[in-house]
Amino acid sequence: MNKNIKYSQNFLTSEKVLNQIIKQLNLKETDTVYEIGTGKGHLTTKLAKISKQVTSIELDSHLFNLSSEKLKLNTRVTLIHQDILQFQFPNKQRYKIVGNIPYHLSTQIIKKVVFESRASDIYLIVEEGFYKRTLDIHRTLGLLLHTQVSIQQLLKLPAECFHPKPKVNSVLIKLTRHTTDVPDKYWKLYTYFVSKWVNREYRQLFTKNQFHQAMKHAKVNNLSTITYE
């Protein structure tokens, strides 16, 4: 098996844990699901039993070949050998996303599925610390995510649930898309603004007079008290 960290994953193989995860997913027989990381096909098989169609994307050649053989007779499963970061999600089709994602790619993948897909619901297994960072509205990632989705923890998954066993615990989270106040045409400008704001680079956003006038108009005396609602 390819040991390259680029493809590194921690697998869920316990039937009990997999069933607990499936119970948390709000999937119906009419749902189309895109799975991030086929792995050894354990979760893929269960997803196919409760949904209409599963398209599973796997980068690792060994795992792709292994799962292709295992799932070749399953008409509800389509396997794609590709990097999820290069994959193009459909723009018009209704679908949901499920994935047990590599820890070291968590930020890239969560941005991908939130900002480059139209999925109504997204279920991800992530490192517990990363989940907490997505809730931090004093970070750029948290501010950007919360304009598009609400995030909640569904299930805690101790390190013992995985093979090989990681050094940290994981959680199953749900990201539910909601109406955003930021129009698509202003998204790049908004991300630039948020980045500068979080890094306190106010002088690159406003003149000194503009900044003080904005503070006065918003009735804000201390920037650290500002929260996202």
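Using N, Cα and C of the backbone, Cβ positions are placed for all residues, glycine too.
What TrEMBL records for the S-adenosyl-L-methionine site is ASN10, LEU12, GLU58, ASP83, ASN100, and among GLY37, GLY41 the residue it adds there is GLY37. The Cβ of ASP83 (S-adenosyl-L-methionine binding site) has 12 neighbouring Cβ atoms from other residues within 10 Å, across all protein chains displayed. In this structure, ASP83 (S-adenosyl-L-methionine binding site) belongs to neither helix nor strand by DSSP; it is coil. All protein chains considered, the CB of LEU12 (S-adenosyl-L-methionine binding site) has 20 other CB atoms within 10 Å.
Each of the binding-site residues ASN10, ASN100 was scored by other CB atoms within 10 A of its CB, and the lowest score goes to ASN10.
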